[in-house]
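The next block holds one structure in the form of structure tokens; read it before the comments.
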Amino acid sequence: RFIAKPCAINLGIQDSGPHRAQPNAILEKVFTSITKSPDGKRLEGLSKQLDWDVRKIQRWFRHRRNQDKPTTLTKFCESMWRFTFYLSIFFYGIRFLWTTPWFWDTRQCWYNYPFQPLTSRLYYYYILELAFYWSLMFSQFTDIKRKDFLIMFVHHLATIGLITFSYMNNMVRVGTLVLCLHDASDFLLEAAKLANYAKYQRLCDAFFMLFGVVFIVTRLGIYPFWILNTTLFESWELIGPYPSWWLFNGLLITLQFLHIIWSYLIIRTAYKALVRGKV
């Protein structure tokens, strides 16, 4: 409200929504109670009832649908908040992990497990991430509805489950690696959205392509060959199949399936961008 909105206005993003539909009680009742996209038969019935042309009724429904869409300014503010968090938490995570032994040798995640100290910096890193994903879980129902709503819902459930479960079982060392890896590309996507809303097309395309490369390298390369390797094989070798091993790795593998789905969507978008010349 106090930072993102003034930035958006300075970039020329207006707070005006789409053209509002002409008030009509009958059409409004159909729109809210029956359908937002009436078929030909219903359009003909409404045309006779209101003595309106079918095209005029179609135009009304189109304007009414657009009326419910969030403004560009609203989307800009939401993306700027997420960009700020992801960027800040990523640099905090890198700065913290750079000085830890398990960042350079993943086998250190399992030495002397579960009797590993929980430092204050590690604790705050975990709590900040958990709080943010809980906020996303709740705000998803009030934020802008997007096409990947269901996938994101499953992602938030798996993430919250992993953070909570790993904290309770003191698997925080490997947990910090998972968190930092996931934060590496998220702020780039939000930066691309910000550039898109501000109509800086070349900057948007550059950020999106960079996001796509970082996402695929981290989620399809580093994650399975570095994270899953240590949780599936190194942990089994060093401490054996502990009781929670199956659930912990089950959640991590669920994330990997989501990574594959998103990577497909990113590659498809990048392909369309190359064909059309812009994202």
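We count from 1, first residue shown onward.
The backbone N, Cα and C atoms fix where each Cβ goes, glycine too.
Taken verbatim from TrEMBL:
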{"type": "DNA_BIND", "residues": "29-72", "note": "DNA-binding region"}
{"type": "DOMAIN", "residues": "27-71", "note": "domain 'Homeobox'"}
{"type": "DOMAIN", "residues": "74-275", "note": "domain 'TLC'"}
{"type": "TRANSMEM", "residues": "83-103", "note": "transmembrane segment"}
{"type": "TRANSMEM", "residues": "123-142", "note": "transmembrane segment"}
{"type": "TRANSMEM", "residues": "207-226", "note": "transmembrane segment"}
{"type": "TRANSMEM", "residues": "246-267", "note": "transmembrane segment"}
(message) Across the DNA-binding region (29-72), what does the mean pLDDT come to, as a whole number?
(response) 80
(request) Kindly report the helix/strand/coil residue split of the domain 'Homeobox' (27-71) according to DSSP, in that order. (result) 32 helix, 0 strand, 13 coil
(request) Please give the sequence-distant neighbours of the transmembrane segment (83-103): residues at least 6 beyond its ends with Cβ less than 8 Å from one of its Cβ atoms. (result) 109, 121-122, 125, 128-129, 132, 173-174, 176-177, 179-180, 183-184, 186-187, 190-191, 194
